[in-house]
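Some features that Swiss-Prot has for this protein:
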ACT_SITE  Arg570  active site, stabilizes transition state or protonates leaving group
BINDING   Asn34, Ala35, Gly36, Lys37, Ser38  ATP binding site
BINDING   Glu398, Asp453, Asp455  divalent metal cation 1 binding site
BINDING   Glu402, Asp541, Glu543  divalent metal cation 2 binding site
REGION    1-163  region 'ATPase domain N-terminus'
REGION    164-270  region 'Dimerization domain'
REGION    271-390  region 'ATPase domain C-terminus'
REGION    393-586  region 'Toprim domain'
Amino acid sequence: MTVRLASVSISNFRSCKSTSAILRPFTALVGYNNAGKSNIILAIKWLLDGSLISESDVYDPTHPVSVEGVIQGITDDTLSLLTEENQQKIAPFIIDGTLTFARRQEFNKETGKAKKSLDVYDGTTWKKNPGGIDGAISNIFPEPIHIPAMSDAVEDSTKCKNTTTIGKILSAIVSEIKQEHEEKFSKNISEIGKYLSHNGENRLESLNKIDSGVNKKVNQFFPDVSVKLHFPTPTLDEIFKSGTLKVFESREDEPVMRDISRFGHGTQRSIQMALIQYLAEIKKENSESKKSNTLIFIDEPELYLHPSAINSVRESLVTLSESGYQVIISTHSASMLSAKHAANAIQVCKDSNGTIARKTISEKIEELYKSSSPQLHSAFTLSNSSYLLFSEEVLLVEGKTETNVLYALYKKINGHELNPSKICIVAVDGKGSLFKMSQIINAIGIKTRILADCDFLSNILLTEHKDLLSTECDNLLTALIESINSGELSLNTKVTTFESFKSISSKDFIKICNHEKTQKHIHEIHQKLKDNGIYIWKSGDIEAVYGFGKKQTEWDSLLDCLCDESKDVRAVIKKYDEMEDFIKWI
């Protein structure tokens with residue numbers, strides 16, 4: 001396993017009064033504006049670099065700031081990055097390949113001066129400021145690459161320092177070239193040194209002439225002192241670290257170099273993302289090359305990008321996360337999350353207690369349904385779960401039939417589109433996972449409702465809803481048994497108790513929904529469930545409401561009606577009142 005930062009706990013940093021998060025090789029922070037996503041990223045950066053923070057970076061200046069981190073995957077290879085002295089200093093604190101440490105800073109109330117410390121956990125107690133640990137962490141994790149939301153793009157792209165974002169990316173890109181040509185480059189650089197250094201074999205005669213002239217003046221004051229001009233040649237590292245970008249625009253005659261500030265933010269952002277994509281490409285092609293431990297932070301990678309480019313950037317970031325880089329992004333775009341990674345995305349929100357990083361879908365699956373976690377992970381992966389994280393409420397529906405037309409029906413009946421930031425419709429493959437997925441989504445702080453066929457009642461009666469519906473279900477069971485015994489209703493399953501509902505087929509449930517003596521009780525159950533966030537079709541299933549089944553011509557007729565403002569949907573949907581009631585319930 002590649003060494004990585006596995007988790008952080010943040011206290012009193014900016015908007016983060018107290019929150020924690022589990023980090024993965026690819027971690028996405030999602031949430032509305034000003035929720036504190038960028039503050040979590042900055043807290044992680046501060047944990048690693050230990051720069052001095054000001055009082056404006058503190059939630060409550062009367063209390064210390066603390067960010068605790070856990071590094072996992074430390075091996076002998078990792079320790080080889082350290083000096084022997086630092087290896088000895090850090091070794092007592094590494095437990096099963098894990099290092100737990102915390103960076104703290106507090107302000108003296110009287111003087112206002114800041115006091116910093118780096119504490120390390122030895123398995124039983126915290127040790128304050130043990131020597132060598134800060135340097136060891138810096139060697140394990142090179143300085144992170146941070147691409148903010150375009151605030152310093154122009155200045156950053158024109159600087160000639162490896163401390164800039166582009167400088168760091170360029171350094172990572174050319175590292176393979178540097179290793180490949182190091183001997184050749186170093187030889188050529190040393191040749192230049194022979195002409196310019198104070199003791200060069202082929203020192204320029206003009207430099208000797210200057211030395212002679214200057215020494216005549218110096219010797220007038222100090223006869224035993226002499227000087228020689230010396231121009232140090234840059235090392236190969238220094239040359240590559242000074243790399244920058246020149247931007248050219250095509251013209252009829254020849255390309256013209258222009259300052260990057262003359263280009264729009266879209267072009268600037270595209271250049272940054274292009275470098276990230278190319279870095280991912282070469283790392284994927286050179287799978288045998290040494291993996292990096294560098295962290296990459298990007299605020300809103302989707303910013304200024306064309307929708308078709310967002311998916312490409314996402315895949316590049318995932319590739320980097322599989323090549324040793326640890327990638328942490330903040331995003332407002334569901335396109336930045338594949339279904340595979342949505343379950344591990346961290347929803348960030350803010351309330352009166354500051355910024356909170358909620359537990360992920362994966363964490364809640366393990367917490368609530370550990371025994372069936374593989375099936376639930378699959379269920380979330382197969383649904384469009386990346387979109388639900390950006391909504392205030394989720395409507396879970398059974399199967400994709402409903403989602404195919406519900407958005408269009410909503411617009412047709414209500415006269416306006418369903419706002420995806422308010423409500424997201426998520427299709428679930430079969431009714432068996434509806435309750436479990438609902439509980440998990442509710443557990444991560446998103447309100448959830450359910451739409452299902454009437455046969456979902458067999459699942460409902462196995463939950464706490466059974467007590468809620470006890471009177472209505474007793475009445476239904478009594479009416480059902482009477483109708484069966486009298487021969488008025490014929491079912492394929494013998495019904496004597498609530499438990500026997502589990503064996504009733506969907507076709508038989510439709511019969512029950514439309515039978516004169518049981519219909520009233522189905523409507524009572526429907527209303528009570530509706531008031532509690534579950535909508536079951538009173539007619540049995542959605543096909544019964546539409547009035548048709550699977551024929552493509554019938555669906556085409558409905559879709560044609562939904563797309564044509566002049567056509568009345570009442571003429572197409574058999575039980576329009578029931579459909580309208582559901583749409584208004586949304």
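The backbone N, Cα and C atoms fix where each Cβ goes, and this holds for glycine too.
The distance from the Cα of Glu543 (divalent metal cation 2 binding site) to the Cα of Glu398 (divalent metal cation 1 binding site) comes to 13 Å. In the three-state DSSP scheme, Asp453 (divalent metal cation 1 binding site) falls into the coil class. For Asp455 (divalent metal cation 1 binding site) paired with Gly36 (ATP binding site), the C-alpha to C-alpha distance reads 43 Å.
Geometry remark: Asp541 (divalent metal cation 2 binding site) versus Ala35 (ATP binding site), CA distance 40 Å.
When Cα-Cα distances from the residue listed as 'active site, stabilizes transition state or protonates leaving group' are compared across the binding-site residues Asn34, Gly36, Ser38, the shortest belongs to Asn34. Taking Glu398 (divalent metal cation 1 binding site) as the reference point, none of the binding-site residues Asn34, Ala35, Gly36, Lys37, Ser38 has a C-alpha atom within 10 Å of its C-alpha.
Model confidence over the region 'Dimerization domain' (164-270) is summarised by a mean pLDDT of 86. Separation of the C-alpha atoms of Ser38 (ATP binding site) and Asp453 (divalent metal cation 1 binding site): 43 Å, rounded to the nearest whole number. Following the DSSP three-state reduction, the secondary structure of Glu398 (divalent metal cation 1 binding site) is strand. Of all the binding-site residues given, namely Asn34, Ser38, the one with the smallest number of surrounding CB atoms inside 10 A is Asn34. Helix, strand and coil counts from DSSP across the region 'Dimerization domain' (164-270) read 64 helix, 6 strand, 37 coil.
Ranking the recorded positions Lys37, Arg570 by how many other Cβ atoms lie within 10 angstroms of each Cβ puts Arg570 at the bottom. Between the alpha carbons (Cα) of Lys37 (ATP binding site) and Asp453 (divalent metal cation 1 binding site) lies a span of roughly 39 Å. Note: the region 'ATPase domain C-terminus' (271-390) comprises 62 helix, 21 strand, 37 coil (DSSP; helix = H, G, I, strand = E, B). Reported as a whole number, the C-alpha separation between Ala35 (ATP binding site) and Asp453 (divalent metal cation 1 binding site) equals 38 Å.
Same-chain residues that are not part of Glu398, Asp453, Asp455 yet have a Cβ within 8 Å of the Cβ center of the divalent metal cation 1 site turn out to be Lys431, Ala452, Cys454, Phe456, Ser506, Phe509, Ile536, Trp537, Asp541.
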